[in-house]
Amino acid sequence: MSEKLYPVLPEAKKNTLIDNETYLEWYEESVSDPDGFWAKHGRRIDWFKPFTKVKNTDFNGDVTIKWYEDGVTNVSYNCIDRHLKSRGDKVAIIWEGDNPYIDKKITYRELYENVCRMANVLKKHGVKKGDRVTIYLPMIPEAAYAMLACARIGAVHSVVFAGFSPEALAGRIVDCESTFVITADEGVRGGKPVALKENTDTAIDIAAKQYVMVNKVLVVRRTGGKVSWGRGRDLWYHQEVASVEPHCEPEPMNAEDPLFILYTSGSTGKPKGVLHTTGGYLVYASMTHQYVFDYHDGEIYWCTADVGWVTGHSYIVYGPLANGATTLMFEGVPNFPDQGRFWEVVDKHHVNIFYTAPTALRALMGAGDEFVTRSSRSTLRLLGSVGEPINPEAWEWYYNVVGDQKCPIVDTWWQTENGGILITPLPGATDLKPGSATRPFFGVKPVLVDNEGNVQEGVADGNLCISDSWPGQMRTVYGDHKRFIETYFSTYKGMYFSGDGCRRDEDGYYWITGRVDDVLNISGHRLGTAEIESALVSHHSVSEAAVVGYPHPIKGQGIYCYVTLMTGADAQDPDELRKELVQHVRKEIGPIATPDKIQFAPGLPKTRSGKIMRRILRKIAEDEFGALGDTSTLADPGVVDDLIENRQNKK
């Protein structure tokens, strides 16, 4: 653990929105008088009908979470219309294409017209308030238009990452019973086409077999690639928007009306539809964007995430646009045409604030400093990290090489369920420690709890819980409130359990140590082990599978699969079968779930009651089998010797 302390930089302190004194004062107010604090900050967005109630939350019993519940507003109005008078000609979105020679700037006025046209297309084809619309798009401006158009008319969007497979897309269409899909002919990533329309067609066929019928598919022409066409179902976006008005009145939405569903992996197989609502979410996304990134008007802000993840929702689209910021959307990848792409984009668009994932940083660090130092990066003022804990070595490289020791780093901890950043440094207020997310944001009350549920005070290790609500918190799992309660509120009564382990040091700083449940963090993206196991077992050669994580130099965690085969299947060439299983998992879930190691085993370590002892599998995957602990409860201890002998990760 790093003991180095980096004091607040004088330059950061000079112009900051929040210094340490203000942080301590506001934080105290936010936890001692949440109603007063959030009433004040709730007014940062515009309300059609002001709220009179602020906080109505209970983490016990049936778990109810309501913020600003009698207020009426509209997210699209707050992200666009309210800026038109003073910022109509300001650039809202800078779009940087996969090809380094293609970009586009969209002003707030142009954003208004594009969003209104798309909203009118949705209405024309029967989409109403409360309907679920699935968005399966690459990182193009139309992805933001689609989200904002749904918000404008009160439809609930479900964005599915364009790297997910047709099977994964179908599961998400079925779960929220979506009948309208927005996609593109193809996406482009790293110079290669991605067959989005083809994937969508396949997904719709799969959904139909589960009695969910998609009626309309709106197709954005991105590449002009050849696509098959469903007559009466498929619509070209460019043709549809040309025939509708560029004005659409925003639908008045109650603060607790749903805004979006975003699916995230859980420790059981089926992804959970995380439901976020309107008022509290936008207050929290816009407030965290302003204060965590110390955002000043006129700055260029770039979050490298994809809108298919929550980081893209909160910190590419909703947070920045609610604040009237200029937000950069990047279609490409960090290593195309080469590993200097990020820094060339920073120079090209004069980026001031840069927010990315440790995975990307580790990969770029490994490519050598010359890809960074050939760019000037002189406009950079602040750096951010998101998605997983950043190891101190990568932090130091980011600070020294990318930031030239002049940019504070905000190492942010939060989750899909949280809506916005929960634990983070504030650049003008917080001394930094490489690898630590430091202190809670306003209104956030972290608690460390041991496995028996005892709250740990002072310096401690434990399970990270949050003891009270904040406005950006998810409200339920879509269609399954029981699962919401069981997943987050049943382990430790009266508290939200994050699923992460954490350490608090002598300065009260928080250090996230990783997942404590059966969820992996791969390149900053969550994947449930049960999801990958289900994909493996659906292959005809596989009898049983167990999946664990292991330390990976680039991705943070790698995917290690233990597989027992059906009788007779072991006659196949093991290398060929491994390749086949890798492709099978990619097809079932998507490239993000590509297994790194597959070990064939005659059996898995199980207790006499049949429970797989994952602790043992994790140790073997980490090549640390000298400390396996008590194995006396195993039904067949001999299984372990075989696993050790044939491990795929021998150092």
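Just so it is clear, glycine is given a Cβ too, placed from its N, Cα and C backbone atoms.
Feature annotation from Swiss-Prot assigns CoA binding site to ARG189, GLY190, GLY191, LYS192, THR311, ASN335, SER523, ARG586. In the three-state DSSP assignment, the secondary structure recorded for ARG189 (CoA binding site) is strand. The 10 Å shell around the Cβ of ARG189 (CoA binding site) contains 17 further Cβ atoms across the protein chains shown.
The ATP binding site feature in Swiss-Prot is assigned to GLY387, GLU388, PRO389, ASP411, THR412, TRP413, TRP414, GLN415, THR416, ASP500, ARG515, ARG526; the stated evidence is sequence analysis. Reduced to three states, the DSSP call for ARG515 (ATP binding site) is strand. Around ARG515 (ATP binding site), the same-chain residues at least 6 positions away in sequence with a Cβ under 8 Å from its Cβ are GLY499, ASP500, GLY501, ASN521, GLY549.
Feature annotation from Swiss-Prot assigns Mg(2+) binding site to VAL537, HIS539, VAL542; the stated evidence is sequence analysis. According to DSSP, HIS539 (Mg(2+) binding site) is assigned to coil rather than to any helix or strand. Here HIS539 (Mg(2+) binding site) comes close to GLU580, LEU581, HIS584: these same-chain residues lie at least six apart in sequence, with C-beta atoms under 8 angstroms from its C-beta.
Taking all protein chains in view, 11 other C-beta atoms sit within 10 angstroms of the C-beta of LYS611 (N6-acetyllysine). Swiss-Prot lists LYS611 with the feature N6-acetyllysine, giving sequence analysis as the kind of evidence.
Each residue contributes its Cα atom, and for GLY190 (CoA binding site) and TRP414 (ATP binding site) those atoms are 29 Å apart. Here the candidates are the binding-site residues TRP414, THR416, VAL537, and by Cα distance the one nearest ARG189 (CoA binding site) turns out to be THR416. With every protein chain in view, the residue among the binding-site residues VAL537, VAL542 whose Cβ has the most Cβ partners within 10 Å turns out to be VAL542. The secondary structure of PRO389 (ATP binding site), as reduced to three states from DSSP, is coil rather than helix or strand. In this structure, the C-alpha atom of ARG586 (CoA binding site) lies 14 angstrom from that of VAL537 (Mg(2+) binding site).
Of all the binding-site residues in the list GLY387, THR416, VAL537, VAL542, the shortest Cα-Cα distance to LYS192 (CoA binding site) is found for GLY387. With every protein chain in view, the residue among the binding-site residues LYS192, ARG586 whose Cβ has the most Cβ partners within 10 Å turns out to be ARG586. Take the Cα of THR412 (ATP binding site) and measure to each of the binding-site residues GLY191, THR311, ASN335, VAL537: the nearest one is THR311.
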